[in-house]
Structure formats: structure tokens, C-alpha cells
Amino acid sequence: MTETAPWTTRKPTAMLVLADGTVIEGTGIGATGKVQAEVCFNTALTGYEEILTDPSYLGQIVTFTFPHIGNVGTNEEDIEDLTPAARRGAVGVIFKADITDPSNFRAVKHLDAWLKARGVIGLCGIDTRALTAWIRENGAPNAVIAHDPNGVFDIEALKAEAKAWSGLVGLDLAIEATSGQSSTWTETPWVWNKGYGTLGEADAKYHVVCVDFGVKRNILRLFAGLDCKVTVVPAQTSAEDILALKPDGVFLSNGPGDPAATGEYAVPVIQNLIKSELPIFGICLGHQMLGLAVGAKTEKMHQGHHGANHPVKDFTTGKVEIVSMNHGFAVDTKSLPEGVEETHTSLFDGTNCGLRIVGKPVFSVQHHPEASPGPQDSHYLFRRFVNLLRENKGEAALAER
């Protein structure tokens, strides 16, 4: 009879320590070190590179419920943050399975090497279903994720750091995610066998100013695909400076952090923009900013919405859409003032997902209609906004669908 090798387990090289003292051990991936952040879970099956580079995830550790992440590697085309060198996005990641060698014709770099290059700390080899269930029952926790190849950790110190972190409430992260200076965007959406295109100067019919709270590239591409030249301006740009650019419309972008904190400087600007009668469109944090600007309130959610399979009802059409979401705060529907209508609602929990000002060309949605990753059910919202620009120019409306 041959002897069998004794049962062995790998020494933990990474840890997730929750604020309540829970310690989860795993195998480290990506960058080494430690970081305090909020833990959330994302239910999308694809698009991990877009998710991890979404600036809205700044200050968060993303747990992927899909077990196999990294199979198709990474590339330079799927990055979503506007300035990749700044590496704005998720600060930590948690996977069920080890990262395998990539197998895809578009793969340029292994996900582990990509995480290292971006400074993202990761942990794999844990029961992500159990962690997701914990978050679902208890809410998104503050935590510390740590990675040491030698497996040396001061657990008590990590517990203290996790407990001491104040969390996302009251935190203005848009100031970190925003661009440092103004820029012009002309890249159009990706086309099979052609890649991304460029909107020529002669083809730009409309001028949109994007207030950048942490904007995603695919949002800007969809504007360019509808013949909009986009000028991206930093989050703290004044209404006077925005109007001096003579835009046909203004876009309020997505972004991270507590909307109430960002609203300290953004809300007065948006209120002045509303008075200008220009068309205004907001997404995600931009939606929350608009809500605050009209007098509504925002609130921290129990676990947030993060995924590409969320059902939302559009009251303006009566249709249900499957959309991509990524937010931990929401506009309180009950706080919407007279003259402001709720246009969309989540069919998961009834939270607000859209609003418009009656009698003004101003509207916003909580979800991500640019579908990166995710379904394209809500692409019509970009055409709805462009139709407001066309109306001001006396042009016929585009078909929304």
C-alpha cells in the first residue's frame, strides 16, 4: 500500500478583517499592503475590468459573486476611468477561485499583474457566497483588506483599523476621482472589427459639458456617438465657467462617495445651471446631486445595488428594463418636492432610480444606461437627452428606440 501525502493547506497570505472583528483568511493576489474600505458585492458575470476601473468604486472592496474572474485577462480597451495613470477605481477585490491563465484573443496582461500595476489589493480562495450572504443580512461593512506574501499579520491591529475607519458617510470622494483639468472627448463607441472611432470636428453637431465627478469612458463615447463634442470639466467648476463654454446641454456624471458631502460645493452650481434652462442629464452620483439640488434628500443604503441584472421600471414608458447599477446611496423618494416627478424605480426594493423636473429639460437616472458592463435596455436615455438639444435647435427628434 502506498502512502498518501498528508493533508496540507496553504498558508494565508491575505486577510479581510471586518469592523465587527470577523477575520476571513485567503490567498493574496494583486498588490501587497493594506487598505481600509467598504465591502460590497457585484453580481455581474462579465465585465470585471470595467467594474474595477469604474471610479464610482473608489473607497470600496468589490466581492464578485461569480466564481471565475480573470479568465479573459485584461486589455487597454476595456478600462473605464478617464485617466488610467491615476488608477481611480476599486481599492480591493475578492474572488472565489484563483486567477487562471487568460484565454482570449484580446488579452494583453494577466489579471494578477494588472492588479499589481494598478495597486489593487486582492484576496481569493474564500467562500464568496457566505460573505455575500453576510453583507445581505448585515449591510455593507467597513473593513481592512491586507496582503503579505509572507503571511505575517497583526490581526489585532487590523481589527482596530477596520473598526476605526469612519466609512463612506460624509466622505467626498468625487474630489479624488475627478479630472485635474478640462479636456475634450471625441472617441465614439467600439465597433466589431473596427475598434473605437473618432468624432470629426465637422461632424460634431452639439456641445455637451460633462461635470466630472468620476465619469466612465463609455458614457462619453455614447455622447460622441450621437454627434456630441464633450468638454469634461473638474467637479468644482463653477456654473459661470460652465456657461462660458456655451454648451447646448450639461451632463452630471457618476462618481464615488457620499452625495451629501460632494453636494457642499456641487449643489449650488447645479441649482444655477437649472436656472439657465439648459438641458441637464445626470447619472448615478449626478442623479443624486440633482436630487439634492431640487431639495430632496439622499440616504445610505443597507447593501447598495451593484450588478448588471437589476430590474427597473420606467414610469414614462411603462416598460421594465434590465440595467447595470453601482451605488450605495439613493435619493429618498418621499423627500421629492412638488414639481419633481419620480420616473424610475427599482423592482428589487422600490428605491428611487430616476427623476425629472416638471416643465424643465432636466432629468436623471440612478442606474448606468451606458451598459459597461451590462445590458443596453436604457441606451434610449442618451437619445432622449440629445433630443432636448435638437429641440432647442429646431431639429426633429430621434427615435428613442
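A Cβ is built for glycine as well, from the same backbone N, Cα and C atoms used for every other residue.
Residues or ranges marked as region 'CPSase' in Swiss-Prot (evidence: sequence analysis): 1-203. Residues or ranges marked as L-glutamine binding site by Swiss-Prot: Ser56, Gly255, Gly257, Leu285, Gln288, Asn326, Gly328, Phe329. The feature domain 'Glutamine amidotransferase type-1' is assigned by Swiss-Prot to 207-395. Look at Swiss-Prot and you will find Cys284 tagged as active site, nucleophile, backed by sequence analysis. The active site annotation in Swiss-Prot covers His368, Glu370 and rests on sequence analysis.
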Fill in the blank from the handout: Averaging pLDDT over all residues of the region 'CPSase' (1-203) gives 94
Problem - Residues close to L-glutamine site centre defined by Ser56, Gly255, Gly257, Leu285, Gln288, Asn326, Gly328, Phe329, Cβ within 8 Å - result: Gly214, Asn254, Pro256, Pro259, Cys284, His327
Problem - Collapsed DSSP category at Gln288 (L-glutamine binding site) - result: helix
Completion exercise
Fewest C-beta neighbours within 10 angstroms among the binding-site residues Gly257, Gly328 belongs to Gly328
Handout entry: Close recorded positions near His368 (active site), where close means Cα within 10 Å, chosen from Ser56, Cys284, Asn326, Gly328
Key = Cys284, Asn326
Exercise for the section: Which residue among the binding-site residues Ser56, Gln288, Asn326 has the fewest other Cβ atoms within 10 Å of its Cβ, if you could check? Expected result: Asn326
Handout entry: Candidates Gly255, Gly257, Asn326, Phe329, namely the binding-site residues, that fall within 10 Å of Cys284 (active site, nucleophile) by Cα distance
Key = Gly255, Asn326, Phe329
Completion exercise
Gly328 (L-glutamine binding site) to Glu370 (active site), Cα to Cα, whole Å, comes out at 19
Problem - Cβ neighbour count within 10 Å of Phe329 (L-glutamine binding site) - result: 21
